Amino acid sequence: MDGGKMERRNIGGLINSISRLLHLVSCHTGKTAVTNEFKCIAGMLKPLKCILDEAFGSPFPWDERLVTAIEELDMAVNEARDFLEKGPYRLGKIYSLTRSSEMASSICSSAMRICQLFSDLLPSYSFPSLLSATQQCMRELKCRERDGLSELIVVAQKDLDNNLVPSVENILKIAESVGLASNGELLMESIALEKERLRLETKHNPESLDMINQMIQLVLHIRYLVAKLEKYSSINGVVIPPHFRCPLSLQLMLDPVILASGQTFERSFIQKWLDNGLRICPMTHQNIQHTELVSNYTVKALISTWCEENNFMLLESRICDEIMSPFTASPSQRRESSARSNAKPINRAQLQKIEISDVDREEENPYYTSHLQMQSTYSLDRRSSSTRSGSNSSVISSIDVLASKFDDQLSSPFSKDVGPSPSSNFSRTNSSNITRDDSTTSSDVEKLVEGLKGPNPDTQATCAYELRLLSKNNGENRVLVAKLGAIRPLISLIHSEYTDVQENAVTALLNLSINNENKALIAEGGALQPLIYVLESGTPVAKENAAATLFSLSTLEEYKVKIGGSGAIRALVELLHTGTLRGRKDAATALFNLSIHHENKARIVQAGAVRYLIELMDPGTGMVDKSVALLANLSTIHEGRLAIVHEGGIPLLVETLETGTQRGKENAASALLQLSINSTKFCSLVLQEGAVPPLIALSQFGTPRAKEKAQQILGHFRSQRENIVRKAR
């Protein structure tokens with residue numbers, strides 16, 4: 001081997017890889033177990049990098065073994081950087097810690113080998129300082145201790161594999177150290193592991209699959225022990241019967257429902273499980289045939305009787321759509337009610353219900369991807385925009401683009417169920433006399449479905465209108481209408497030349513799509529191309545509802561891929577450009593959800609969305625926050641960053657840092673962070689726009705997420721300045 005060029009190329013590549021990993025680690029300021037493991041990795045690599053920097057320009061004898069060792073370490077460092085960039089917590093806390101510990105051991109072993117080879121090859125009389133630094137680095141690497149927490153996890157796994165009961169003290173220490181001491185954290189951990197298990201099953205990776213299964217068993221054991229804690233197992237000293245406690249929440253059930261597997265759960269917790277796309281029972285691990293939840297009135301009555309016998313009072317005022325405390329009465333109301341009945345109200349603190357914002361907050365789980373929450377972010381019930389609750393925050397890709405950025409401020413695409421226009425060529429008063437309430441019968445719906453298939457456009461419009469209203473607010477009607485075969489006829493009417501027929505058909509499909517099972521029926525029934533046809537040539541109202549329907553379908557992960565590849569993105573981008581305000585909002589909503597799937601980001605950029613999003617950052621449009629949220633997501637890919645800069649987005653993003661809403665500032669900071677850390681040129685442009693003062697203000701007075709992003713950008717600016725000063729010397 002040539003004693004110069006090839007060796008220097010290899011060592012230069014390793015130096016670059018280490019520098020990138022060190023920078024990435026420095027941007028993560030949290031104190032999680034995984035972050036600490038990566039800080040240990042950085043501590044190992046820093047002195048080695050100094051040795052490599054000196055060796056890079058030194059003429060010393062090379063060896064084939066040294067070149068091989070450098071290549072191996074380069075691969076290990078790049079693997080660790082890739083793992084950290086993608087967000088380790090998407091895999092679950094325990095699995096992420098185990099993986100990061102394995103990477104640390106691999107990097108330590110490779111670094112030791114390189115130092116040993118340097119020590120053997122370097123003549124002491126020629127390279128005294130380099131030899132001394134190498135020997136000091138070796139001593140430090142030998143003194144490195146394996147993370148005690150990782151050792152505890154390994155020991156617990158071995159015990160479980162050997163059908164032994166792990167130490168209770170060790171299990172509780174693992175749970176506390178990694179942050180799995182509450183029901184909400186355990187739920188999110190189980191969801192993350194199950195999703196990774198499903199992914200690995202498709203990859204045919206038996207080794208990793210075995211590890212995931214071990215982690216799942218460990219989490220189940222942690223759940224079992226946490227459930228034994230007094231705060232979950234009893235109320236005011238009274239032990240809760242095990243069959244009255246939800247296996248997921250670990251607490252007394254207030255709204256027990258039966259899953260298709262026959263197991264009973266608290267509604268809000270099992271709904272969270274299902275909303276993340278999991279189609280297996282958390283207890284039996286069997287596949288479930290459907291996701292409908294049936295109230296378990298028997299268990300609910302037994303719980304009520306038990307509460308009465310133990311002189312507890314359950315206050316029923318409850319928001320069932322969120323994982324929240326079920327007791328919403330004020331303290332004074334509880335005291336008054338208690339005084340009247342001589343009962344003991346169950347204390348909110350004793351039940352320790354976890355709000356959904358607590359389960360998912362970034363301080364606890366800074367890397368959870370959109371995939372854990374975006375499925376359930378929007379309320380799909382189209383009663384009215386005023387009834388919509390705030391969405392749950394979640395993290396998208398490697399930046400924190402929240403679904404709630406859209407949800408609180410996009411008027412919901414599901415809140416504008418419109419009827420035929422005044423010019424429609426049929427009279428509603430002459431429409432079918434079916435009552436749209438709980439008394440709707442199968443024969444009523446069958447008549448309407450037959451009317452859809454008839455040749456008369458007036459009858460078609462009337463029947464589509466009736467089906468639309470039937471499915472507007474009633475979940476059972478949605479199931480019934482789909483079961484009786486309305487979906488395919490409605491899809492066929494999308495191509496109708498009569499606008500009232502088309503509008504009502506599209507809107508009926510939108511309302512039916514609120515049901516998850518119906519989503520699949522609509523998509524598989526061939527609705528995608530007809531919906532694209534409406535986006536391109538329909539009436540404004542039809543276009544709006546077609547975009548909203550595509551959003552609804554895209555809440556299921558597999559349809560993000562199918563919709564992205566169907567040509568819908570270009571039509572949605574065109575609606576973003578030329579549509580009504582409502583149409584633009586609906587298009588932005590659909591594009592945002594589609595952008596969660598990585599491949600769709602490039603499609604959105606290539607369709608020209610960035611230009612229109614930049615234009616919509618004008619405060620007069622009322623779409624600043626929505627535009628910035630989508631731009632932040634697109635900034636995670638190279639094409640997106642180029643388009644943002646080319647279209648003049650940096651000044652507007654900096655302006656949003658100064659004058660935007662809290663959510664707008666968070667997303668603007670996320671986008672600017674991506675621009676800065678991925679391009680020295682773009683970083684300079686951000687600095688030139690005067691970003692430092694608003695970033696300093698944001699780092700002090702912003703939301704926790706905004707503070708973190710601002711601090712990361714400012715830290716990157718400091719690093720850039722230090723590099724410039726170092727080079728000048």
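Here the Cβ of each residue, glycine as well, is placed from N, Cα and C on the backbone.
Residues annotated as compositional bias 'Low complexity' in TrEMBL: 421-433.
The compositional bias 'Basic and acidic residues' annotation in TrEMBL covers 435-450.
What TrEMBL records for 239-313 is domain 'U-box'. Residue counts of the domain 'U-box' (239-313) by helix, strand and coil are 25 helix, 15 strand, 35 coil (DSSP-based).
Summarising the annotation, TrEMBL assigns region 'Disordered' to 367-393 (among others).
According to TrEMBL, the feature region 'Disordered' maps to 413-455 (among others).
Annotated repeat 'ARM' per TrEMBL: 485-527 (among others), in sequence order.
If you take every residue in the repeat 'ARM' (567-609) and average the pLDDT, you get 91. Among the features that TrEMBL reports, repeat 'ARM' is placed at 567-609 (among others).
What TrEMBL records for 608-649 (among others) is repeat 'ARM'.
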Tally of DSSP helical, extended and coil residues in the repeat 'ARM' (608-649): 31 helix, 0 strand, 11 coil
